[in-house]
Amino acid sequence: MDKLQWLDRIGVSLVATAVWQDYLTMTKPKVVAMLLLTALVGMCLAVPTIPSARVMLLGLAGIGLQAAAAAVFNHILDRHFDAQMARTYHRPLAKGRIPTSKAVVFACLLMVLGFGLLWLLNPLTAWLTMASLVGYAVVYTVWLKHATPQNIVIGGLAGAAPPLLGWTAVTGSVDPHALLLVMLVFAWTPPHFWALAIHRRDDYAKAGIPMLPVTHGIEYTKTMVLFYTLLLFAVGLLPWLTGMSGGIYLIGSSVLNFGFIGYAIKLKYFDTTGHAWATFRYSIWHLLALFVVLLVDHWWLTAALNGID
Ligand code: HEM
Ligand SMILES: CC(C)=CCC/C(C)=C/CC/C(C)=C/COP(=O)(O)OP(=O)(O)O
């Protein structure tokens, strides 16, 4: 092979990698990874030990594929708004690097495959996951996001569903304890997002999206961030109060939730440049750690109970 052919080959593979990267970007892989962590914890808390490998593999693959499909639909439906914002203008569809028709086919493939895998486990999980997909991709993206500043509170239900989806994948039924996990993510979402929306207020205003800092101002949004971190603290006590979780959870979640309240207090009363962004970053580590703590506590409790037996 001569030099020119080699250069040609390298060029083709670079383009292929870039296209592949664009498809991956549209699935919001880091968000999906976090959703899968919450689903995995939901699965593990549903049983005393570890769920079967079949349930974990099919369940996580199915929920992951459906969540990824929802994210691609979000990219498709939001492409004109994304093109107007500094944070999102470079996205594959906003930039026109990927044709919309191909993205639609990709999203449909992910959705059907995800639904099929979950159906093999149980129809309840398949339908609940599909409802979350529709909740995010259609109800939130098409309607709520452009209709009301409470968009992310209501739309947050779809993103909060995975612990329940994980739980039903294992048991085939809705357990009140699983709903407690949903409530945790539900209360976490507003401070997670509004911290970012404060940081990106002008971007949302420019695109005409009625996020809370745009419609009600930054001060009011900071108050709401603080309110929801306090609510999250209260909701965070419920797993312990109901006996679902033990002391490790109580201590771990309290430390994490006090940390979040600390960030929110600073944001409201002692704000400094970049603190809204720092609060948003903290929210991500907070949720990750909270669900790890739930899991560690669960296995610790199980081991302790087995020891007593
Ligand atoms: C309606 C609810 C939600 C809204 C509006 C929202 C909004 C956002 C936005 C706009 C970003 C991008 C920030 C950036 O540009 O870097 C983001 C990042 C992120 N969100 Fe959320 N979010 C929501 C719910 C959730 C849920 C339920 C989870 C997981 C359980 C989650 C996990 C994450 C993670 C891990 C990131 C970081 C992604 C990265 O660094 O690329 N979000 N969120
Ligand atoms: C099936 C299932 C479990 C679905 C889960 C849905 C899902 C992917 C939720 C994530 C929430 C999220 C990233 C919202 C941001 O959308 P945005 O449009 O406000 O943010 P953007 O401007 O960054 O696109």
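Note: Cβ is positioned from N, Cα and C throughout, glycine not excepted.
Residues or ranges marked as transmembrane segment by TrEMBL: 31-50, 56-77, 98-120, 126-144, 151-170, 176-199, 220-241, 247-270, 282-301.
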Stretch with greatest number of CB pairs under 8 Å, the transmembrane segment (98-120) reference, 56-77, 151-170, 176-199, 220-241, 247-270 candidates: 56-77
Cβ pairs under 8 Å between the transmembrane segment (31-50) and the transmembrane segment (220-241), at least three: no
In contact by Cβ distance (the transmembrane segment (247-270), the transmembrane segment (176-199); 3 or more pairs under 8 Å): yes
Top partner of the transmembrane segment (220-241) among 151-170, 247-270, 282-301 - counted as Cβ pairs under 8 Å: 247-270
